[in-house]
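Copied over from TrEMBL:
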{"type": "DOMAIN", "residues": "76-413", "note": "domain 'Amidohydrolase-related'"}
{"type": "BINDING", "residues": "His83, His85, His252, Asp328", "note": "Zn(2+) binding site"}
{"type": "BINDING", "residues": "His83, His85, His252, Asp328", "note": "Fe(3+) binding site"}
{"type": "BINDING", "residues": "Arg92, Tyr155, His188, Glu255, Ser333", "note": "4-imidazolone-5-propanoate binding site"}
{"type": "BINDING", "residues": "Tyr155, Asn330, Gly332", "note": "N-formimidoyl-L-glutamate binding site"}
Amino acid sequence: MDRIDLLLTGIGCLVTPVGNAPHRGQAMSELREIPQAAIAMRDGLIALAGPESDVLNGLGGAAVAETLDAGGCLAAPGLVDPHTHLVHAGSREHELALKRAGMPYLDILAQGGGILSTVRATRGASARELYEKAYRSLDIMLLQGVTTVEAKSGYGLSLETERKQLRAAKLLNDAHPLDIASTFMGAHAVPAEYKGRTDEYADLVCEMLPRIAEEGLAEFCDVFCEHGVFTVEQSRRILLAGRRCGLHSKIHADEIESLGGAELAGELGAVSADHLLAASDEGLRMLAANGVIPVLLPGTSFNLGLNRHARARDMIDKFNLPVSLATDYNPGSCPTESIQLVIMLASLNLKMTPEEILTACTINAACAIGRGHRIGTIEAGKQADIVLFDAPNLAYLPYHFGVNHAYGVIKNGQAAVWNRQIVKPRSNSGEGTP
Ligand SMILES: N=CN[C@@H](CCC(=O)O)C(=O)O
Ligand SMILES: [Zn+2]
């Protein structure tokens, strides 16, 4: 080894899952813990990670361009948020009173509010407005320790406006330090102009898919499979059409009613099935049998004021599933970018342990967006995406809640956040912005 770009020393404890595959059931608790550690990085990748003395010895005579002292922080893999509705316009605080008065989420949607209200705002927004709003959200995520995020379309519901969202995500992926995995979700709701004609709209979504795929705008196709939105049969049709275009399947499954979304995810071998509050035992069994990753969104059930939660303990203990966690950041059911709030809620309401939560937010989340071979652990050869928490141990993260524990974030081998501040912010007005 002749050169190291960045050497991170003074890590109080390095804690990471190991490997490229999802960690299932009890294996979610298996972490590698290395006290007094260091990480050497080169060309955006991890070159060496381990006890500080081993790393320093392993450097030999390599020239080190930059050294940063982690000051005793806890180092973990950069967090991955595998379910967000990042790119959209407007906000929905005007629906707060309805929600507090007890009006159900699907009733607000059926009356033309909810998702459809954000569709109107997103259709009316310029590409630049979408880009700038999402850029600010990405900064908040980065400051919390997130280094890769999934972003869905689904507030356009026409080819042109779905494209507008996905093109904004593509530009953001190039301009912002965070990496973005894009998902086409034309089947997020039935637009007002197709009211009562869901089958026809499902046909239109199938026609949009090749156009989205040929422009390289998405890796995944997602459907809101729910009573009053898309049926299991319509969801199957759309996801199979997506698959024919090379898009891997994701499903908003069994969020409110037990419709068979988890069973469909199993049948199709989807990459992930998300929400799952109402998933049946048979649905969970089918997820496990077909390698589908459950993505749980405890921020959503919290914000909707539900007193029921996804059965994370059953998923881990009984069904041997590789549970993952995400924010579901969106302007309606979960208006927060905070993965650290989700960490707290996963402990409080899903009864997950700190070790399971870290696995769920790193390697399992990476696998839920098909990136387990590149990110999600701190190991030689992986992308150098690392978060430094100002915390004495992992259990401190859900314990001391409501504050941001991220002191530093290394993205692709460079400090993107240091001393809780964004480093080298890139200009929003440079080339490539809409
Ligand atoms: N459930 C459907 N979609 C989003 C909510 C989107 C919205 O309300 O705008 C979700 O995952 O929670
Ligand atoms: Zn969602």
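Cβ atoms are placed via backbone N, Cα and C, with glycine included.
A quick note: this is a predicted structure, and the numbers were derived from the prediction, not measured.
Shown on the structure are the features that TrEMBL records.
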{"residue": "His83", "record": "Zn(2+) binding site", "DSSP class": "coil"}
{"residue": "Arg92", "record": "4-imidazolone-5-propanoate binding site", "DSSP class": "coil"}
{"residue": "Tyr155", "record": "4-imidazolone-5-propanoate binding site", "DSSP class": "coil"}
{"residue": "His188", "record": "4-imidazolone-5-propanoate binding site", "DSSP class": "coil"}
{"residue": "Glu255", "record": "4-imidazolone-5-propanoate binding site", "DSSP class": "coil"}
{"residue": "Asp328", "record": "Zn(2+) binding site", "DSSP class": "coil"}
{"residue": "Ser333", "record": "4-imidazolone-5-propanoate binding site", "DSSP class": "coil"}
Largest inter-residue Cα distance among Tyr155, Asn330, Gly332 [record-listed N-formimidoyl-L-glutamate binders, Å]: 12
Contacting binding-site residues for ligand 1, chosen from His83, Arg92, Tyr155 when the Cβ sits under 6 angstroms of any of its atoms: none
Close in space, distant in sequence - Asp328 (Zn(2+) binding site), Cβ under 8 Å, 6 or more apart: His83, Thr84, His85, Asp274, Leu297, Gly299, Thr300, Cys334
Neighbouring C-beta atoms (10 Å sphere around the C-beta of Gly332 (N-formimidoyl-L-glutamate binding site)): 23
Among His188, Asp328, Ser333, the binding-site residues whose C-beta sits under 6 Å from ligand 2: Asp328
Listed binding-site residues Tyr155, His188, His252, Glu255, filtered to Cα within 10 Å of Gly332 (N-formimidoyl-L-glutamate binding site): none
Neighbour count (Cβ, 10 Å) for Tyr155 (4-imidazolone-5-propanoate binding site): 30
Listed in sequence order, residues not in Tyr155, Asn330, Gly332 with Cβ within 8 Å of the centre of the N-formimidoyl-L-glutamate site Cβ atoms: His85, His88, Arg92, Gly114, Ile115, Thr118, Gly154, His188, Pro331, Ser333
Packing count at His83 (Zn(2+) binding site) (other Cβ atoms within 10 Å of its Cβ): 30
Cβ neighbours of Ser333 (4-imidazolone-5-propanoate binding site) where a neighbour is any other Cβ within 10 Å: 21
Among His85, Arg92, His188, His252, the one of these binding-site residues whose Cβ has the fewest neighbouring Cβ atoms within 10 Å: Arg92
His252 (Zn(2+) binding site) versus binding-site residues Arg92, His188, Ser333 - nearest by Cα: His188
Local confidence of the domain 'Amidohydrolase-related' (76-413) - pLDDT mean: 97
